[in-house]
Structures are given as structure tokens and as C-alpha cells.
Amino acid sequence: MATDMASLNNNCQGGESSGSSIPMTSPQTGENVHVEAVFSEFYDEVKAIEKRDSVLTSKQQIDRLTRPGATYFNLNPYDVLQIDPDTPLSEVKKKYRQMSILVHPDKNPDDLDRSQKSFEAVNKAYKTLENEEGLKRCKEIVEEAKTRTDEMIRLKKKQLKKEGKPQEVPEDDLDKYKHAIYVQTCKLFADLERLRQERETKDMHDRKRKAEEEAAEEEKKKMEKEWQKNFEESRTGRVDSWRTWNKKAKKTSKGNLKPPKLKAEKR
């Protein structure tokens, strides 16, 4: 994944919840301040453009889908296609066709590289949502984002009550509440992508290690087989050499053997 995602995601990563593959993040802590600001800036700019032009031009769509940090946001298929999570599949398909035409490389020959990246992002988003399993997973992520947003609001109000202050938070405003859900949704998509990459890297290392072990074992067997072959091939030569040596030894031994001299007995 690009550096955009890594740098943004570092501020919102957490461990995995037990019983669920959706990673956990803190409801609202100091470490999230920077990423919240980045999200807010991006969100406000995009919404400002959408308000000015509900369709967006080819250039505006390409700018939106390739601007710094977009790699992170493009993990969210709803954000890529600019639709609500409860949008019917028929409407999703219409939006996909409309947007894919706008950013298609053939329509943007003067901006091929960025248009190709934009088209790929749009295509990937649609394929995720048209797939039954992918759509189910995305809806689960949105529901989880809502749950975490509600919990964040509850904790904020609890703290305000503890401090004796009015229990009013920015998220009481519907637009800000939707924005908070959007932020949490993007974080969850990014965290899941991070976990997917980690699993993929681990699997790759495991496969590499296994392949190296199998290659080493195969080389060992090959060497043992070669040694055994050479040993068998040289057996006759070793036996003949030993027999030749043995004959020579016996011959030498017989040729040099002399009977002992007898001494006359003295009386």
C-alpha cells in the first residue's frame, strides 16, 4: 500500500477484537487528533466540490481519486463511488457506469496515468459491492463504524456530565454525526487492509521458507544418491585393488621365507 495509507493509518491502528476480524481502535483519544484533522480537511473539500457540482467533471473526479491521501480513502468503496451504504445495487451500477465513463483513460488521453489509477479504483469499488460476500462485509464495517461512533459520543457525554458541563457534543448535529461515521468507516477499511497485507507478507515468507527447506532437502537427497552411486561404481575397483595387493603380499612372503638353521648337539 502506498505511503499515504501507512502514514495516516499509523494514527488509528489497534488490535483485533476477540470474536471479530474487524480491528479495534480507541473511541476518541489524543492520538487520533491528527488523523481526524486530515479526514475533516479531505471530507470538507470533497463535499464542497460535490455541492458546487453534483456530477463532477472528469478532471474533478480524477483529482478526487488521486489526490494525496486518496489511496487511504479509496479503500472505502462507498467513498469512491460517492454513494450511501444503503444505496440499492441498481443505483450503484448506474453510478459506477457514470463515473467509469468520466475517468476512463480513453476519455482522458492527456492524463493517462492518473485516469488509469482512477478507473481502477472505481472498478475495484464496484466489484466489491456487486459481490454478495463483499457487500455483506462492507455493510458489517459500516455497522461497526456506527457502533463505535455511538460509543464515542456516549463517552464524551459521560465525561461532560462528570465535569458538570452541558452534555452537548458536535456529533449531535446530523451532518457531523454522519461525518464521524464516515471517519470511522474509512479507518476500519484501512485497518482491514493493513491486516490483509500483514497476513499476505507472512504467508509469502512462510512459502519462501518452506520452498528453501524443500530445496535444501532435495539437494541433500541428491548428494546422498550421487555418493551412493559413486560408491557402488568404485566397489569393483576397490575389490580388485585389494586382491592384487593381497597376492603380492603372499608372494613376497613365500619368496623370503627360509627354514631355521639346525645347530649340532653337543655332548
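Placed from the backbone N, Cα and C atoms, the Cβ positions cover glycine too.
Feature annotation (TrEMBL): of 1-30, 61-90, 121-150, the stretch labelled region 'Disordered' is 1-30.
Outside the compositional bias 'Basic and acidic residues' (198-241) by six or more residues, the chain places nothing with a CB less than 8 A from a CB of the stretch.
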